[in-house]
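Take a look at the structure below.
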Amino acid sequence: MAVEPVNVKEFQELARQVLPKMYYDFYNGGAEDQYTLGENIEAYHRITFHPRVLIDVSRISLSTTILGHHVSAPILIAPTAMHKLAHPEGEVATARAAATCNTIMVMSFGSTCTIEEVASSCNAARFFQLNIFKRRDLSALVVRRAERNRFKAIVLTVDTPRLGRREADIRNKMVAPQVKNFEGLLPTDVVSDKGSDLQAYAEATFDPSFSWKDIEWLRSITNLPILIKGILTREDAIKAMEVGVAGIIVSNHGARQLDYSPATISVLEEVVHAVEGKVPVLVDGGIRRGTDVFKALALGAQAVLIGRPIIYGLAVKGECGVRRVIEMLRDELELTMALSGCPSVNDITRGHVITERDRTRSML
């Protein structure tokens, strides 16, 4: 009998074994030297705990709300593309697992199932992730479809004026399947003689001129709340507030865009302080343990989003694998809360963690 994985890292190794190399490299790889890819994970390792004891933790509550939507734990599913490369049921399997776990899935615009297929697969709160195309009518069309199919928010990705240099995809000559939500609307024959078809596709379709002033256009075509994904600085957090977003996601695109950009957990506090509690701040990138979730919450995140681990679970065991990954992280978070003296997520405070900056200050 095969040994069951007991943590996300073991799911990753099993996914590496079952996925074709091209697809595993696509999901797992980062930009250029992949410095930020490693830092996203290592930065969590440099944060330690300051636990409290002799507190009644006989009952632990992980539940919280995100933009008014109740979730069983502050662990959401990040937007990742092309789930059918990992499993034949694709995003439908992921959506069902999210619904079973009572959490929110952010569906990628680059999904291999349609908005309608995911919406009809189960009853759950979902957000839709959007990139802005040169053809604004196509962006508007997909937003209207998301609204019509009862998606609850738009997550606007703002760190992709161009696609980052993902050398594994170039080396493997990564072939992109058709983006189902734009079937018949966008060209399907975009190819590159220099490597990755994904890069050629992005250059042909993404709008590099999209800027802060254009957020008003997006707000004008939808009544859904808009979260901005891709903020890494205090300055951009303040600008996001000025244009009226409903939430901010601290993200470096899974280290797939600008290499040597900071690890997301290392800049989370900067963004949280800039926002001053006016809108929720979420974070993604490098989260592999429930301890990581706890650290992000202690530094001010309302919730985290999980990307690659979801794909690993999907590749290994489909819907069941996605569910198991979420359960693992949730169970680890619950144990961390108990051992740190936190009966609920609201009891997790800045005083429960020690960062590198804290240690530096203590030596001054």
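Keep in mind that glycine also has a Cβ here, set from the backbone N, Cα and C atoms.
Per TrEMBL, the feature active site, proton acceptor maps to H253. According to TrEMBL, the FMN binding site annotation covers 79-81, S108, Q129, T157, K229, S251, 284-288, 307-308. Here TrEMBL flags R166, H253, R256 as glyoxylate binding site. Here TrEMBL flags 1-358 as domain 'FMN hydroxy acid dehydrogenase'.
The record assigns R166, H253, R256 to the glyoxylate binding site, and the maximum Cα to Cα distance across that set is 12 Å. Taking only the Cα positions, the spacing between D284 (FMN binding site) and the residue listed as 'active site, proton acceptor' is 8 angstrom. Put simply, H253 is the one of the recorded positions R166, H253, R256 whose Cα lies nearest to the Cα of Q129 (FMN binding site). Other C-beta atoms found within 10 angstroms of the C-beta of R256 (glyoxylate binding site) number 23, with every protein chain shown included.
Taking the Cα atom of each, R166 (glyoxylate binding site) and H253 (active site, proton acceptor) are about 12 angstrom apart. Residue pair H253 (active site, proton acceptor) / K229 (FMN binding site) shows a Cα separation of 8 Å. A sphere of 10 angstroms centred on the C-beta of H253 (active site, proton acceptor) encloses 23 other C-beta atoms. Across the structure, K229 (FMN binding site) and R256 (glyoxylate binding site) place their CA atoms 14 angstrom apart.
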